[in-house]
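Worksheet for the structure shown next.
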Amino acid sequence: MIKLIVGLGNPGAEYEATRHNAGFWLVDQLARMGGTTLRVESRFHGLAGRARLWDQDVWLLKPSTFMNRSGLSVVSLARFYKILPDEIVVAHDEMDLPAGSAKLKRGGGSGGHNGLKDISAHLTTQDYWRLRIGVGHPRNAPGGAAGGREDVVNFVLKPPRKEEQQAIDEAIDRCIGPLGTLARGESERAMMELHTGR
């Protein structure tokens, strides 16, 4: 059962439309579906709200600590409401997946994602769900860069091209059903639905 869905991103208008905020976009979509307005919750270091989704109450959270410090926000809300790590889904941008794809997995390393690294450190476990939203990689972009650290930072902190944005939005829409399946406790089925479309 899933009790908390966290979207990773950076706060502020200048970051709103950047690839690094794909997790925020998913949580915004869920908030609209659940008829919930996320409000500033200083004790949780972010914007939070309780939504009625898939016939159950689910907390939605957008940390306002900037990506690399997301763990403080996640652990604050999880501890307050006694939510276990395996009841948490963290949605984040994933450069190793093309724009328009999404993958669901439980546990594993951070894959170089500093937001996940910080969350794992604060939760003292990697045993939480990750919803990886593909945003592509600079080496695969038209006129693509080599993909060094500076190229990667520039890439994720820029808005996607129009066709990429459309593909990412469609991927987010495709995540909603499988997230509902996961929230009901059917993890294998949720992964199959998302990964195979069945």
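Glycine residues also receive a Cβ, built from the backbone N, Cα and C atoms like all the rest.
The feature site 'Discriminates between blocked and unblocked aminoacyl-tRNA' is assigned by Swiss-Prot to N10. Under the heading tRNA binding site, Swiss-Prot lists Y15, F66, N68, N114. According to Swiss-Prot, the active site, proton acceptor annotation covers H20. The site 'Stabilizes the basic form of H active site to accept a proton' annotation in Swiss-Prot covers D93 and rests on sequence analysis.
Location within the structure of each feature annotated in Swiss-Prot.
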{"residue": "N10", "record": "site 'Discriminates between blocked and unblocked aminoacyl-tRNA'", "DSSP (3 states)": "coil"}
{"residue": "Y15", "record": "tRNA binding site", "DSSP (3 states)": "coil"}
{"residue": "H20", "record": "active site, proton acceptor", "DSSP (3 states)": "helix"}
{"residue": "F66", "record": "tRNA binding site", "DSSP (3 states)": "coil"}
{"residue": "D93", "record": "site 'Stabilizes the basic form of H active site to accept a proton'", "DSSP (3 states)": "strand"}
{"residue": "N114", "record": "tRNA binding site", "DSSP (3 states)": "helix"}
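Cβ neighbours of D93 (site 'Stabilizes the basic form of H active site to accept a proton') (same chain, under 8 Å, six or more residues apart in sequence): L8, R19, H20, N21, A22, G23, I133, V135, V156. A C-beta separation below 8 Å, combined with a sequence spacing of at least six in one chain, links Y15 (tRNA binding site) to G9, N21, L157. Comparing local CB density within 10 A for the recorded positions N10, N68, N114, the maximum falls on N10. Other Cβ atoms within 10 Å of the Cβ of H20 (active site, proton acceptor) number 22 in total over all chains. Taking the C-alpha positions, the distance from N10 (site 'Discriminates between blocked and unblocked aminoacyl-tRNA') to F66 (tRNA binding site) comes to 5 Å. Around the Cβ of F66 (tRNA binding site), a 10 Å sphere holds 16 further Cβ atoms from the protein chains shown. Those same-chain residues not listed among Y15, F66, N68, N114 yet with C-beta within 8 angstroms of the centroid of the tRNA site C-beta atoms are N10, H20, T65, M67, R69, S70, G115.
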